[in-house]
């Protein structure tokens, strides 16, 4: 029999909900197993490159990163302080930071006590999944359940593979399988280039597993409607290990700063375990200060190379899916036509890193790594650099992929905190890094070559972003903008010399019929070029047909492919169009110019690019900050066909800017709200339902 919730408990929970909403910043502060005992220091410098090197070499010690403001907060012992004293750094006690963190952590614990102190009494009892206080990050079990769901819902595209066991599973039976989600269209059987991604090697880093799961969802859930997702899944393979260190992550879900695995043979009862990112084989224990032989240190390398089952599983899996493309010496370059790519996703410090990290000297493939890293950094606006910091590190994950096999290895350092707030993850970290991962998935056919070429920055079909539905025989107007400047690199001769497309067969394949829509007639080629073409669809049968587009520079280097989708059927897509009138940060939007040639438009959806959405023919919105903002309109007709268009606006701050984005309004009365207001409404409804059901 259901028991009625005590009314006073309900009131306390509602009060707590308001407190959580009012103090979201509190929930972004890292907890610590013994936070009062932290030896925290502020390390300051005006040299951003030096600060980034500190963040790399002392990644294990970073508590907070503000490189843009010229400082980091680090947990340092006496040996660390001696090392840092050799550099031009200003080091001071971070007592004030500790006071603030302790106060905020105490407030968080108080909120938990008011809620009852147990998971059964926390917000999750009302259906809010995820780590308490950080509900956008799923637990290990929830992540595995999501991956299982994806495999079941997309059996032709996804396979959930067991590649090994965690330390605790082998030694106590209470741990986890190490699981990889393999994504590819199994109906297309051929050798395909592979992107392998693993995340959450360091347990306390919340954002990596969330990002890689969101990337898997992007590929699978958008496969039928997103032409780029479709061609990537058809022509390539993406293998994702969401949790490389699930045992450690389970500890970190309690807001404990666990970095290592849970090997109880090393520092039991203290800083237990082995740092998996110092346990890989090729350069294990090969440098001074590159790792530690002291079991209780955060960078403890383990008793031998690949001593840990997690490291063994990942290394063996990488060796099983990639061929060996380079010689045994540091100066042996991988061939330029090498296929495949390995990305290790960490947090934090907003970096894109590439080998070498075990020595100051560059790798023999450095020129390609520089191009690759700067292309990826264009999407997430992170700092791209070689992965060596103040001094080399050893035993890291690129040892096996690049060090042994010659497969390009890239590391992402996401965001600004280990326990990143959900607001920051959803609005700042997720979308830009999904775009970076999508670019990586596009270039795995020739990752040492494709980044040198220009990219497709915009593709429309009949004015709609990438996709259009037509009736048989309708002509389709293709418009393409190619850019050679989508890179964080400055200088150099970059240009667009040719733009070409193919229909049905990928443009890079020998059997494709390529149509050239721009061929530079001048001696000097432009850095950006727009071109149009009319596609005849008379011979296209009903169904989906992909249009593959690429640009080529004057050196003959082709960039990443982008795709459009033509769906032939009985219904034609509407056309999406809008105007925007902005004053300071406030904009008025009008989509009344949108049309449907064979029916009516049923809905208008606005996406303001920062997590807020709205509905209606017209809408108004106040942006939180100045700068370029991409606004997207999606219209849906009475047969369910979509049309999407985007426009980049530039807004400026008034004399006194508003403190935060205002909720959008719309002519239909709809409109998206910031996610935590939706969370609040859902929780209150849950309380009301419980009352009625009791």
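Yeah, the Cβs are placed from backbone N, Cα and C, and that goes for glycine too.
No curator has checked TrEMBL annotations; they are predicted automatically.
Keep in mind the model is a prediction, meaning the values are calculated, not measured.
Marked as active site, proton donor/acceptor by TrEMBL: 413. The feature compositional bias 'Polar residues' is assigned by TrEMBL to 300-313. Annotated domain 'Peptidase M14' per TrEMBL: 136-437, in sequence order. Residues or ranges marked as domain 'PKD' in TrEMBL: 570-658. Annotated region 'Disordered' per TrEMBL: 288-313, 649-668, in sequence order.
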Exercise. Cβ-Cβ under 8 Å from residue 413 (active site, proton donor/acceptor), same chain, 6 or more residues apart: which ones?
Worked result: 55, 59, 346, 347, 348, 349, 350, 351, 352, 353, 382
Exercise. Quick one: mean pLDDT on the domain 'Peptidase M14' (136-437)?
Worked result: 97
Exercise. Which residue counts does DSSP yield for the domain 'PKD' (570-658) in the helix, strand and coil classes, in that order?
Worked result: 0 helix, 48 strand, 41 coil
Exercise. Helix, strand, coil residue numbers for the compositional bias 'Polar residues' (300-313) per DSSP?
Worked result: 5 helix, 1 strand, 8 coil
